[in-house]
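Have a look at the structure below before the remarks.
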Amino acid sequence: MKNSHIYILYGSETGTAEGLAESLFRSLTRMGYDVLVNSMDDFNLENLLRPLQCVFICSTTGQGEMPLNMRKFWRFLLRKKLPNTFLNDMQYAVFGCGDTSYTRFNWASKKLDSRLRQLGAQSFSSRGEGDEQHPDGVEGVFAYWCNHLYSQLAAIKTPSRPAFGEFDLLPPSFQIIIDESLGCKVKGFEDNNIVRHSRGKIEATLVHNKRISNIKHWQDVRHLAFKIPNFERWKPGDVAVLYPWNDDMSVNSFIECMGWESIKYSPLIISSNVAERKLPWFPNILNVFNLVKYVLSIHSVPSRTFFEMASHFSNNKMHKERLQEFSSYKNIDDYYDYTTRPRRTVLETLQEFKSVQIPIEYALDAFPVIRGRQYSIANRCDNSTGILELAVALVKYQTILKSPRQGICSRWICDLHENTSFNIDILPGFLNLSYQSNKPLIMVGPGTGVAPLRALIQERIYNGLKENLLFFGCRNKSMDFLFEKDWEKYTEEGTLKLFCAFSRDQEKKKYVQHSIQENGELVYNLLNEKDGMFFVSGSSGKMPSSVKDAIAGIVSKYSGCSISDGYSFVTSLEKKNRYYQETW
């Protein structure tokens, strides 16, 4: 039976690909197409047996890996038993969200496109490659790509119904109704202490929340420790996922902006109006207050889709026109100047556009949901203690706006008291080094990039592997030398060689790549003579490429080869899984 829907399937790690998928869903729905949007792993694989049109939008994570919510789908496509005619009835398009500062730029979308072709699927529109380094970001490239997609799609598929007007309000994707059978204010619904925050699968209790950067340092870095069940397991390189929630003051301000005070504690029943559309996670007690507190991301930067939605619910002509301008790609620079560059939040936007009052029925269409935040686990798994540790640099900075900018998870961690219990998740990382082998391991981890390296060092020491080198970098020895006592202990025991670069402790700035160059002969011998491994962890700015430049230079200097051959040496390490880079 022919499938009349267009499927928009995404693989998203940080929410970018998912946001683009939602935007395309609204655009195609407005054009009159029947559209379904889901993560690839939530897609019903039986649909692949029918003729269908699919648009795939995916990001790349790790070293060219697939995002978590498309791995099941990807594993299915990789089955060797699938014939090369399996997807003969599929017409598809692929858009990748990437960053050219990474070596394997848009690797996931390229691999997906190639595999779909191998299985017989036909591309009806050229593959798009979004780039965070583009002047207009991924969204700018996506908007251009979509215009081409629309014309190509029109050639193969006729809309199912008349198109909506440019400024017509689309029907809500979710049905949100007040459960009148329980009354508007049921006893207990206003008591938020009994809410079970069970979004993750693993019960955790915070036992330690301590600042480990100097109180005088500009950045607050926290060492968090959680007590979790002893049977839980993780490996070096794995990540913990924290699910923050909004503070009560912000929640009440948001509810006041929306005019929802009269239904603040009203119990809700929520279902999907769109076939195969998965509902987000909800707390066990679902009322308006808890929907805003635990589900809606009111401190995120508003998307263009938000402005388009908000324009429908303003009775102020000037506000409506301005909101519509922000929603249009034609005014993308104005949108960036108002939102992205100053990092203005959804709540702050609503406080400025006071005429906007979005009805509760459109809450899940207008506002993004809170996403889990991933942090590298900073200690080895010891089931005798059941303790999981993280090192988290809290995000707080100033823009042109009066109030400091603060990430939702950073805001949450600041107010998180010890003995608070909630659920978390542990996800597998992508570390493909043979770290349990008796080979030297050279590690580079400036700042909180040292967190996964701490777990790795502890694991190797536990297994009796002593040839560990750590190049650590920070601003000042007295300000942000993270886990200093641990490194002192390991060096005294002879299980670690430590090289530090304190960039601001001398007149000329010194970074990790300079420390690597100063110890070039040692690094070269470990890599070339002893088949050593190399692990870079930390910021995705200039550091990773500077480290790679340093290694290439060292190889050239001590082997007598050209600098080009030095880079080829690094590439060969990557291919042999001896050079790993985990940056964010």
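Placed from the backbone N, Cα and C atoms, the Cβ positions cover glycine too.
Summarising the annotation, Swiss-Prot assigns FMN binding site to 12-17, 59-62, 97-106, GLU132. The Cβ neighbour count for GLY62 (FMN binding site), using a 10 Å radius over every protein chain in view, is 21. Secondary structure at GLY62 (FMN binding site), as computed by DSSP, is coil.
Per Swiss-Prot, the feature FAD binding site maps to ARG343, ARG373, GLN374, TYR375, SER376, GLY407, ILE408, CYS409, SER410, TRP584. The local packing around GLN374 (FAD binding site), expressed as other Cβ atoms within 10 Å of its Cβ over all shown chains, amounts to 18. DSSP assigns GLN374 (FAD binding site) to a strand in the three-state reduction.
Sequence annotations record features per position, and here Swiss-Prot assigns NADP(+) binding site to THR448, SER503, ARG504, LYS509, LYS510, TYR511, VAL512, GLN513. The C-beta environment of TYR511 (NADP(+) binding site), restricted to residues of the same chain at least 6 apart in sequence and closer than 8 Å, consists of PRO446, GLY473, ALA501, SER503, MET543, SER546.
The domain 'Flavodoxin-like' annotation in Swiss-Prot covers 6-150 and rests on sequence analysis. Residue counts of the domain 'Flavodoxin-like' (6-150) by helix, strand and coil are 59 helix, 36 strand, 50 coil (DSSP-based).
Under the heading domain 'FAD-binding FR-type', Swiss-Prot lists 199-436, citing sequence analysis as support. The average pLDDT for the domain 'FAD-binding FR-type' (199-436) in the predicted structure is 94.
The Cβ of ARG343 (FAD binding site) lies under 8 Å from the Cβ of VAL301, THR399, LEU401, ARG405, each of these being in the same chain and 6 or more residues away along the sequence. Cβ neighbour count for THR448 (NADP(+) binding site): 26 (other Cβ atoms within 10 Å of its Cβ, all protein chains included). Only SER376, of the binding-site residues SER12, ASP99, TYR102, SER376, have a C-alpha within 10 angstroms of the C-alpha of THR448 (NADP(+) binding site).
When the binding-site residues TYR102, PHE105 are compared by the number of other CB atoms within 10 angstroms of each CB, PHE105 has the fewest. If you measure from the Cα atom of SER12 (FMN binding site) to that of GLN374 (FAD binding site), you get 13 Å. Look at TYR511 (NADP(+) binding site): DSSP puts it in coil.
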